[in-house]
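Here is what TrEMBL says about this protein:
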REGION    1-72  region 'Disordered'
COMPBIAS  7-20  compositional bias 'Polar residues'
TRANSMEM  162-182  transmembrane segment
TRANSMEM  194-216  transmembrane segment
TRANSMEM  222-246  transmembrane segment
TRANSMEM  312-331  transmembrane segment
TRANSMEM  343-363  transmembrane segment
TRANSMEM  407-429  transmembrane segment
TRANSMEM  441-459  transmembrane segment
TRANSMEM  466-489  transmembrane segment
TRANSMEM  509-531  transmembrane segment
TRANSMEM  543-562  transmembrane segment
TRANSMEM  574-593  transmembrane segment
Amino acid sequence: MAEESYPLSSMNNSEGVQRTSHSRHSSRGNGTALLGDNMDDDNGITVFPGDERDWDSEEEGVRTTPAYPDEDIRPTSQKEIYGWYSYAWASEVFAICAMGSFIPVLLEQLAREKGHILGSPESRCKSSENMGPGGASGGNGGVKAPVCVVDIMGFEINTASFVMYTFSLSVMFQALVIISMSGAADHGRYRKQLLLIFAYIGAVACILMLFVNAQWVGTASLLAQIGNVTFGASYVLMNSFLPLIVRNHPSLKNTSGPQTRLPNASQISLEDEDIGAEDATLLGGRTTSAKPESNGKMTPAMRLSTGISSNGIAIGYCGGVILQILCIMIVVSSGSTTNSLQVSVFCVGLWWFFFTIPSAMTLRPRPGPPLPLHDGEKFNCVKYITYSWLGLFQTIRQASKLRDVSLFLVAWFMVSDGVATIASSAIVFAKTNLGMSPPQLAAIGVIMPISGVIGAFSWPKISHWAGWSVGQTISICISMFALIPLYGLMGLLKPVQDAGFGLTRPGEMYALAIWFGFVLGGQGGYCRSLFSELLPRGSEAAFFALYAITDKGSSIFGPTIVGLITDRWGDIRLAFWFILGLLLVPLPFLYFVDVHRGKQAAEDFVREREAREAEDRDENFS
């Protein structure tokens, strides 16, 4: 018998600004995809298993009856679309302002206030906001400040490492939660309920940050993890509404002629490349990767989906930048105190909480099809979780049979980890090694996504002008990323320090933010494009789920190793050696990816699958 297909909504992910059809997150993961195969019926309408339904013969592509008892096929209202936009406006501030800027600074500052100088428990740490470049008070980069550590559960942890460990744990729990709840993004009546639950838990976690102090630094870390986990989960659920909004839009229901239907909520691929923390992107927003028809033109559904998604990106990004500027004003007017950082995160929580209310009032639940169950089985939470994880494992088994897909995923694992590690460690490095103030750090959070947007528009033109293939463009982007840790390592050389280069001056961080954002604007979309060329027809959504999960899972390791290196040697700059290797090692793997061979293997895979399905049908009829 053929293997049963288990759908899985993948995570948003995390790493670039390539989010629109012109290029990511799509995603500061940021895409969502469902593990399951699709097929085309005789009318050219894309049909997915378990989603067969009645179609009006006079208006092809327009459904006239529900496919399952609870399906809501009422036309999408403008108010419903505004409700979807409202959640982008509400939640993206967490990515840009909280996890992308103020939470890392706040956690390091709280740890520093509780901590002591390594080897001298009686000597309190100096506030890093009063330190000059290089981590030394008034230094020039050649003098290092004493290492500050904080006691956590009997271990002395470098205050910079403490932030990295917090980030790694949040990404790990985020991945587990998103995989486990992915079935609920497409099946049953719980999509909207879960979105609101995650949204309000995350908002309250940010609000509670106002009430912690240095003695409660562990609680602050826990609240930050809760915020990041719930943000990522809620964004997966938010994105799962987009195909439903588009599918029932009046403009499509009134359009005659054949149409390509959008897939189920998590079958549509929503790319999410992160700038900043994983699934806490600085750019914010996720978008569909619009897939053109065979004649090169996008269908009306895809055009509408891309338009709504792009509006959501812009709205979420604008909301984040507006609040970021307001928070910078709060921090500056308060003298960059720890309390001003807490107030900024508190404002993020309030913003997230109150602007979610319009979404709660205007988004329709739009129940999905019931979870496939065997005869006699009853629904329970365990069934949803099992369904999701079985889907993941099934796709991993399929990917292992495709050589070029496996080579690419190995490379992608390291590339995405390296990029995410740069993003997550940049703020901590700037604070602890360069002594940058919170307002200066927050400014980086504004510069980087703006540069990313410019890069997203520029990279297609650059690659076309230079005549680069997709693989060549990816390799160039990775090499440009590798120059960042390499340049930072040059700061270990005394002549470079004396010349004021090698990331020894705060001003260099702004140039780094521009460079990083610009490269990230193209890298994610090109990786996605190459990967899509290698996929078996009918299994695209399943493999893109694995693509996004590989991205999420990898980001657990880099920050953890950076934290361990910092704990061992007391300087986060030394971890740049690890980041450099993490970005260079994937290049040979990418070199050996053969697109032509991969396409042929994908075709063979499809033929074998269709042969098995034919045998199963014959057995069932006999």
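Even glycines carry a Cβ here, placed using N, Cα and C.
Within the same chain, the transmembrane segment (194-216) stays apart from the transmembrane segment (543-562): fewer than three Cβ pairs sit under 8 Å, each pair at least 6 residues apart. Simply put, out of 312-331, 343-363, 574-593, 574-593 has the most Cβ pairs sitting under 8 Å from the transmembrane segment (543-562). A Cβ distance under 8 Å defines the sequence-distant neighbours of the transmembrane segment (466-489), meaning residues of its chain 6+ beyond its ends; these are 415, 418-419, 422, 429, 459, 501-503, 512, 515-516, 519, 522-523, 526-527, 529-530, 533, 573, 576-577, 579-580, 583-584, 586-587, 590-591, 593, 595. Spatially, the transmembrane segment (441-459) is not adjacent to the transmembrane segment (574-593); fewer than three Cβ-Cβ distances between them are under 8 Å for residues at least 6 apart in sequence.
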